[in-house]
Structures are given as structure tokens and as C-alpha cells.
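Before any comments, here is the structure.
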Amino acid sequence: MRAVVLALSLALVAPIFAPGKTYVYNYEVSLMTGLPEMGLGRAGVYGNCKFLISAIDQNTLINEFNGIWLKDHPNLMSMLPKIMEPETSIPIKFEYSNGTVGKIYAPEKVSDFVLNFYKGFLNFFQLNIKKTHNVYDLHEAGIEGVCKTLYSVNEDVKADRILLTKTRDINHCQERIYRDMGLAYTEKCEECQKVSTASYRYILKPVPSGIMITKADVNEIIQFSPFSEHHGAAQTEIKLTVVFLEIQNTTITPNPVEYHHRGSLKYEFSKEFEWTPLQFVKVTDLQVQIQDLLDHIVTHNAEKVNDNTPLKYLELIHLLRLACNEDLEGLWSKYKNIPSHRLWLLEAVPASGTTTALRFIKEKIVAEDLSVVEAVRTLAAAVHMVTANPETIKLFETLMEDNKINANPVLREIVFLGYGTMISKYCTESDNCLVEFVQPIQKHLSEAVSKGETEDIILYAKVLGNAGHPSSLKSITKIMPIHGTAAASLPIRVHIEAIRALSNIAKKESRMVQELALQLYMDKALDPELRMLSCIVLFETNPSMALISTLANAVKSEENLQVASFTYSHMKSMSRSASVIHPSVGAACNVAMKILSPKLDRLSLRFSKAIYGESYSSYFMLGAAATAFYINDAATFLPRSVVAKTRAFFAGAAADVLEIGVRTDGLQETLLKNPSVLDSADRITKMKRVIKALSHWRSLPNNKPLASFYIKLFGQEIAFANIDKPMIERAIETYGIKVLKTMLLSGVSFNYTMPVMFTEVRRVIPTSSGLLVELSLFSAAVAAAVVKIKPTLSQRLPEDFPLSRLLETDIKLETEVNPSYAMATYAVMGTNTPIYNQLIVSRVKFNSTLPSKISAKLDIKEGDFKIEVLPVSAPENITAGSVETYTVARNIENPTVEKITPILPNWFSISSEIIEEDDKQKVPFFVKRYCTKHRAIGLKACFKVATENAAFIHDTALYRMIGSQNASFSITPIEGEAVERLEMEVKVGAKAAEKIIKQINLNDGAATVLSKLNKILASNKNHTLSSSSSSSSSSSSKHFYKSSSFSSFSHQSSTSSSRSSHSSRSNSNSSKLSSSRSFSNSSRSSSASSLASLFSAESSSSRDSARRSMVEIQKLFHGNKQFLHKNIANKPILKLTYLGFPQQKANSHRFRKSHKNQVFPFRILKHKPDI
């Protein structure tokens, strides 16, 4: 009873406005965005005006705006330009009672932007003052939402005034007003980013029956950093001031127009995401502007991607967001027959993300104006880029019922999975997630179960899994492997998909999913694979300490080692987690590990495992995690299922980036048909048997899949397929044989361009001024390639030639490839309105181009392959990147002009005090160039870096990004040592030993090196087995050593040495050894057998001797590096050929094993020096 009496005794006091009077206030607003240090460049908005308030009746007041002007602030922008004067001259009405602003009324011609500006002024009059309390807190409604507010009231009796302070904690709100875009797939860490707080100070004057505000000011800070905010953050500072000026004895006359209810004091969103912060586009004729932009993009990217194309692509997307259906139809009718323009249009339309764009795509697919490839690409992009709302969900529902879509399995799969994704996106961003959205799929699922259509059941289960709607849990339970139900008899593939479908539902209803998953896990009569999948789902529900301890105790008594090993490894991996998204899971797993026996850690890879690896930096708030699930069965040769997934952490948010899963049921059966696969044998033999077993895939029935896989992107399944015999045959015929024949008969010539918008993440936050602060991240890239392949055949082939004809044909392919790539990323913070932009921008640009010209000669029958890399003209920098941070100001009155100011000035003072010009510090500038020369190929590579950043203020990651950083990489020919071409030759088959080993040009000094080499090889000869001899070719007339080998050279060591010395004495001016030498037939041996005999001796002493010989040879060549470089590398020709030796030679596999790390050498042709 005392509590009730106390509550009734509290009296409220509020500002009053007497009827028949007009109260005049001066209102001053400023928003500044940048780093907190003084002296750095900032983006700002400033306004100063008068507001007049008159009381129409006791609870209704009228508010009038009277003028706005700028003070002497050359770097700031006016808040309301002159073009807004027609709107600002209209007064608005609002209800006001007991210090609370109620309903607001305004004519329709007053835009939401201007109305929100009015609300910023009225926000000052939202006061809940209690006479009997000096300090108290409550949740108070304001322009940012219903947030926790702390009041402190002090009475200054001498000055006859009341000093009031209220602080609004925008991080703790019952109803927070903001809007996100592009964050539907992320999990957020609410404690990682404390973004905003606002402090109000009032000077109140007591008057009869109330109080009057004489002066008030607001100081609000919104800060953000992609890294930990303890090490600095960018901020927007909002300062508002209201000063009472006078009371006039006149009243404000409302306009003679109809006033409508326009909401309350809370901020009203309109079309904020239609205003891009990257460009200020004034729309005059939208269709003409889009056409001009498309023409510009296509013209400037014909041969190579222009550096500014990603920004132009983002501008095109922005314009398409403003387009109506008639505009899109007009563009389509003009460009549908122009391939270059058609490609850019079809890539940009789904990226615009509007309902109009999705309707346009639907109409074109139904009308069959798009090819299957185009339909797949546009639909797949639209699923993830189109804004989810009831209308877009309805459009996907109509596509699901379309007969043409259902006739194509790929399109049907994309549409159905996309329908679930659209529901998931809408339910994430909206509180009104109706059960009617998933009811069509639930109905389809019930019908498929009754008809026993397994493939349809799997599809509908995947759709419900994508949607993640809690009401789907009942439908999914009906196909769960629960004993005593009809679903227990369904195929295991259905049970697997039903359990996987729980993952997204667990994010919304974790408790319900935990109960079901735990029930499945504890059912020991269930298939072990299903129990392990239930374990995976349990850990995705963010389980509590009690639940994880329950699992640990269950593992202690688990009889199935596959399940025990999987659960133990999963807990052990998660115990190392350091991320801030779900820190309690890692702590609980650490406790569970103390319950379990470490003996489970000794189980081999024959048992199922869960592997989790993570790298996270709390300083950078950046990290990545990878998980692999390996589900095995003691009765199988290969693992039954393998799943790999990656997860990314950035700026206090986490997202499942990619997940790929593979099942191998049919493949297991195929391998088990060959029992020899399971026999104990060495690794090479087993691999041969597996390949032989797989080569009989054509004998498989058409309806039996070899394997199946699925792909998830950002937690949403985007594709799945069964790999069966018809699919393999189609792939070989369409993408293998057909492409090969086309390339050989007519060649290939095409110019392909692929624009992609990687990221568009935006958050808009209303401030106490009624203006928005936007945090955005945009990323777009354009890749292009010009490819020309010209074939030359030794004989003319018919159009439908058999592949066996290639064995009788010499093929020459001349290829020119010119790939180019450009990427741009923009991080933006500041004020973005349809009237002006005041922003701080961090821009990352990257571009690369690497042209190449390759000629290949192929003689398949003889096993001769020769590849030549020819010189091409390349740009100065093949790769360049830059990071720049600056402020930008734009205004609708002059949209083509933007003012860009670097954040770092040339001179800077860290002290906030006023100092002399000579005491200012120059911003440090660092530039460095690193170069290396590769004379063997005649090229020089250089890396240049230049940076000018704010690390001298605070040496943190954020301040290192502020400023300007540039890096470039270039490859240029060495002056005077130009390379004519690079060659690589490969010879395989039984005649590989007949190919040249090497040809070199030596001078007389070579005798010393060769003599030492002979001694090493001769000493090794006594410890090696003799190799079988083989015939060799006669000596060549082109100064090549044919049939020469290390063993044959060793056999003739004495002869060779004597001849070399004799030649040296007889002709001192001779600079070359004779290249024509005759060897007796008995001394000739194949290169393959000779080299094999050197490295494949049977006895251990032979192997040790060979190893010592090779060490000595390496030392010999290392000590004579300068000699060899002078006499070999700098000569006009150096040719090294890799030989493929016949497999039937004895011990040849040992030789291959010893040389498995050898690479194909190159032949280098250099320009001869002028004589």
C-alpha cells in the first residue's frame, strides 16, 4: 500500500506554452565526422535558424521554421539549401502534454527529410521531470527510439533556475530505431560495438504553473571502428543548441491545406537506401542517363578493364534502383541484341535489388527471352541481392508454380531454394514473419511424403531449412527418424536432410531444436551417421554448460567408437575457440574435456572426427574459422560423408561464408565390387586398383548416383546435385569433347567481362538532430579477358572426327590471353541525404593485368610436347593498389562538383594548444623500392611502396589506414639482356631416352670442371650395379650430345679428359670443345638406365655412395657457379629437356621417387650481342 501512495504522490512538471503567445527560439546544429584529434580534415554540416512555437489549444501547438544561414565556416555545408525553402515555409502541428511530444501533423508536400529535421528540434521538449526525485532513470521515447535515460535535477535557488541533465544510452533501448542492409546473414556481437550516447543539459526557469526552457544543448557521439575501439575510432559528433529569445504577442497562422498524421517523435524512414553515398546523381532523364552510362562502360572496357569501372558499375546499379518497369523494358528492347550491353544490363539489374528488377527477370524467364545460362545467373544473383519483402516472396512463389521453371531441373532448384532464402532474409529484418510464407512448402512436403517421392521430399526439406521458420519444426519432425513413427522407414538420405534443416531454425528457436537434437543423439538404435549430425546441430544452438556436460557424460558410456570419437574431437576443437560471438561454448567445452578420458584422443583417422581451427584477433576484431566433419564407417572403404565449412569474423559480426558437403554412397558400392581394392598393398598399387575400378563407371545403372554434394553460401543452400552416369556423360560431351573439337577446328576468339558487386553493407542511424549518420561498405570488381586461340593442324579434320585421329595429327596452338582485373572498396561514414553528402571515405583500389602469348606444339603419337612463351607488351605496373582516406562534400545545388579534402594535412600539430607555425610537425612520408633481377630469364621484378599515414599520432591499425598508401609491382626486361622466348620441351614414352639431355657451349676452362665430375662418377662406378644397355641415335650435326649420359660419360672419362687437354694445348685460341665425338657401341647406354643405375642400387652401401656423390656434385657446381654462369647462362642458347623414361625399366619407380620434386626446365633463347 505504501508503494501505491508513493507513486500517486509523484508530481510531473513540464514546459508550458501560453495560448495567444509565440515563443521564439534560436536553434544551432552542427555535425562533424572524422577522427577526434584536432587539426585533421573533417566532414561537417552546419545550420543556424529560428523556430517559433504557438499554442492552438491546450494540447496542440504549431511549430514554424524561420530561415537558415551559415556562419563563417568555409569547410562546412548548409544543412537546408535554398531549394528546400518551399517546404520549410510550411508550419507543422504537434500534440504536447505533460512534457511529452505526441502525434505530429503536416501536409503531404512536406518531405520526410524536412519533417525529421523538425523532430530534431522538438526532441528538446521531450522531458519527464519528477519533482520528488533528483536522480532517476527510465525508458523514454525519443527520435532514436525508446532508450534508457538517466535524469539528474539540481535546483539553483539563488539564480532562480533549475539545472537538469539527462543522458540517453542509445546502446540500451527497448525499441531501437535504425535500418540495416546486407546484414541478414550475419550474427552480431552486441557488446563489441558501443556506438552512441547523447547528453542533454537544460537551464530551466520556473514560471507559474510550470517551467520554461531558457537554454539547452546536446552533445551526441557516434563512433565506429572496424577494429577494437580501445585503439581509436572514427566518430560523428553532433552538437545542438537551443536558446530562448523572446515571447511575441502574435500567433502563427497555419497554412490553409489539409494536415495529415505523420507519426510521432520517432524517426521515420523513407527511401534512405536509394541515396548512395558514393556519387551524387541528379536525375533528369533516367533512361537516357542509364544509356549514356552503359555506352561509357562498354566503350572503355573493350580490351582492358578501366580502373574506374567498378565505381561506374556501382553508379549504374544506383540508377537502376530508381528505374520503373517501363524504363527496364525500354533498355531491354534497345540492348537485347547487342551482346556487350546485354551482359552488363543483365548483371546490374539483379544487383539493384528492387522488386521491379525481380519482376523484370521473372517476365523475361517466362517469356524465354533469356538463355538457360543467363536465367541461372540472374536468378541466383537476385536471390541474394533483391530486398526481401512480401511482394518479392510472392513473386518467387509464382515462379515455383510455373511449368517452364519446373521443366528445367536447375532453374527449379534455384527457385525453390531461393524461396526459402527470401523468407529467411525477410524474417531476419522484420518482426512480422508470417507463417503463411512457409505453408505452401509444408503442403508440398506432406504430399511428397504421402506419394513416397524421395527426391521431392529432400528438396522441400532443404527449402524449409533455408527458410529457418520456427513453424517448420513440426513438418520436419514428421520426416525425422523417430522410432514409432512412419518416418522411420524413409531412406537415410531423407533423415540426413531433415536433421540438417534444423541448423537455421536453431538460430531462432534454439531451445526447441536442442531438445529434438539431444533426443536423436541419445537414441543408440539410430544410425551412427544421424547421431553425429545431431551432435553438429547441437553445437550450432549455442549450448549451455549443462547441455555440454550431459553430452560429455553420455560419451563416457558410449559403445559406438565412431560416435564417441566424433563427439570428443568436436568438443576438443571447440575448447580452443577464442571468438567473442559465442564465448560460453568454448568455456563449457574446456570443462567437458576434464570429464572425458584422454584415451579417446588416441583413436586413428579410421574413426569419425570433427576438426575446428580458428584464428581470431581481439585487437583487430578480425578472424576466420574452418571446420571439417569426417564421418566414417568401419564397413566402408571411403568416408561416408565429408563436410567443410568456413566462418569469418569482422567488426563484431560473424558469418558462415561457405560450406561444402559430399556423400560417397554410390562410389563405395562401385569400389567394393572390386575386392582387390581392400587387399593390403602399397599405396601405388591401391591407387591403380581404385582408378581401374572407377574406370568402369559406364556399366553403372542410370538411376544410381555415384556421389552427391551440396553448397551453402552464407548459411543458405544454393545448389545440390547427384553425380550419376547421365550427368558425367553430359559433362564430358558438352564441356569436354565438344569444346575440344571446336577449338581445334575453328579456334577460339572471345572477349568476356564479368562485373560483380561483392559487398553492399549499410547501416543508417538517426541522431538527435533528426539527420542520419550512415556506416557503409561497398565493394565491386570487374574481371575481363580477351582470349584468342588459333589452331594449325598437319591434316584437315572433318567436323565430327573421332578423337583417335589426334594421334596422327601434329597440332600447333597459338594463344593470346589478356586478362585484366579492377576492384574498388569504399568504407563510408557520415551524413548522407538526398540534399547533400558530408562523408569521410576510405577507398581501396586494386588493378592488375598480365598479358601472355603462348605457342604450343603437340605430337601426341611420338610424345613430343613443346611450349614457347613469347614476349608481349605489358603495362608499366602489372599490379597496383592504393588505400586513401579523405573527406568529401557534395550538394544538390551543384551535383557535378565534389570537394575532396585529405584527412592528413601537410603539417600537423598533435597538441591541441595554439602554437606557432614553425612548431608544427610535418607528416612522415615513407617510400621504398625493392628490385630483383633474374638474369636466367632476362627479367627484372620491382615492388614499390609509398605511405603517408597517421601512425605518428597513435600507432594503431586504424590510424595506419588513415592517409595514403600506394603499392605497385612491375616486371620489365633487363636492359641489354632481352629474352627472345622461353621454351619448355617434354618427351614421354619409350623413346624418351633418345631425346637430347643438354647442349652447351663451353670454353677451354670447362676441362677442369668436367675432370672433377668424371672422378666423382668414376669413384661411384665401383659401387653401383651395371645398367642394361640400349641403342642410341647417331650424333647430331647441330652440336648436340646425343645418347650421352652420366654413366657413359664416366665410362669414357679418361678418353674425354685426354682429348680435352690435347685440344687445349694444340689450340689456345679455341673457345669451344668439339661437339662431334664418336663413342663405341659397347660404351653407349640409355640415359634412363644410366641415371637409374646411379640412384637405384640395391645395396645400402651403393645408395650411400650415390648420395655422397650427389653431394660432391652439388658442391662442385656451387663452387663453379661463376664459371658456369659465364659460359652457359650468358650464351645465346641454353636448352634443358625433361625426359619421361619408360616404365618397364627395372627399378625405374625408385628413380622417379628420387626425382619427384624436379620441375620442367626451360629453354632460354636470348638475343646475341652485336659484334
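Quick reminder: no glycine exception, Cβ is built from N, Cα and C everywhere.
Those TrEMBL annotations? Automatic predictions, nothing curated.
Annotated features, as they stand in TrEMBL:
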SIGNAL    1-18  signal peptide
DOMAIN    17-642  domain 'Vitellogenin'
DISULFID  Cys147-Cys173  disulfide bond
DISULFID  Cys189-Cys192  disulfide bond
REGION    1046-1086  region 'Disordered'
Message = So if I draw a 10 Å sphere around the Cβ of Cys189 (disulfide bond), how many other Cβ atoms end up inside it?
response = 18
Note = For Cys147 (disulfide bond), the number of neighbouring Cβ atoms whose distance to its own Cβ is within 10 Å equals 22
Remark   = In chain order, residues whose C-beta lies under 8 angstroms from the C-beta of Cys173 (disulfide bond), counting only those at least six residues away in the same chain, are His139, Glu144, Gly145, Val146, Cys147, Lys148
Segment confidence, the domain 'Vitellogenin' (17-642), expressed as mean pLDDT = 87
